[in-house]
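Let me give you the structure first, and then I'll get to my questions.
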């Protein structure tokens, strides 16, 4: 596509005809917290307070003020534009804006004093509703990794395999690759050349398994399946199942993932929560396991995170926080990630977590 000067997309005042808005106060959504906390890896702060990223094969820039979420996808957006409501709906769906957040925060805070203490500095943290294919293949890349590195890997993946959408200030922006592109015969070798290491086999293997099996449509249908069923289906995919070793995938053992023997189960829970409408899914990493023991006093046997401990911790938090336990955990995860930085109101949140990875698969 043609090059677009980024300054036209920096703020509504620069080019009003390109922008639309919908009501959305910061208590419902904080872009700076949600888009930089390891749920998605395709947004960047293109100028202070402006977030640019790819959603539904369109390139968006988002901003917010005290009561509205402003957006442009680079196309003129007159008030009479028939597609305006439809465009609003894409963002409402992605940010799940029909779910009222302040009431949930209040309920979680009443049930859990620790949540109340931590969450007051981190309003507006909500769970995204992402494309299941992109979410799954992105989270396979998170093992033993941290946000800034994952973001760079996903960017290389999109540049190498994805369709080019446009140029912003000479920066080419690509769509997330199709399943068929990543299932190709040479995909694994190309991913290794891009620095994906052992993950290359799982990304291309999962893309192939989905293509040959349930298909992208089948992955979407898991949104209406029960949580346990969705997790079971995901865990059968390369790079997602609980144990990957000799004989289980036929291609030798997976390199060690720290103490995290249940790391791959966590990938399934991330996808269930962030793409498949399972608000009760609680992704558990070694860090969450430690919090459950030390701050919540859970008596968990053993010294490592086993699948059984993973289930027990998930059940404990579902009992504490209720049917949207995964959303409550996302708030605490975000708070932990940004801890030590200036809370609420700071736009200089670090893009990458320094000590731990996006979903905690690495050393903690």
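The backbone N, Cα and C atoms fix where each Cβ goes, glycine too.
Because TrEMBL annotations are produced automatically, they should be read as predictions rather than curated entries.
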When TrEMBL marks a stretch as region 'Disordered', which of 317-340, 341-364 is it?
341-364
Restricting attention to the domain 'HhH-GPD' (141-330), give the mean pLDDT.
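When the pLDDT values over the domain 'HhH-GPD' (141-330) are averaged, the result is 85.
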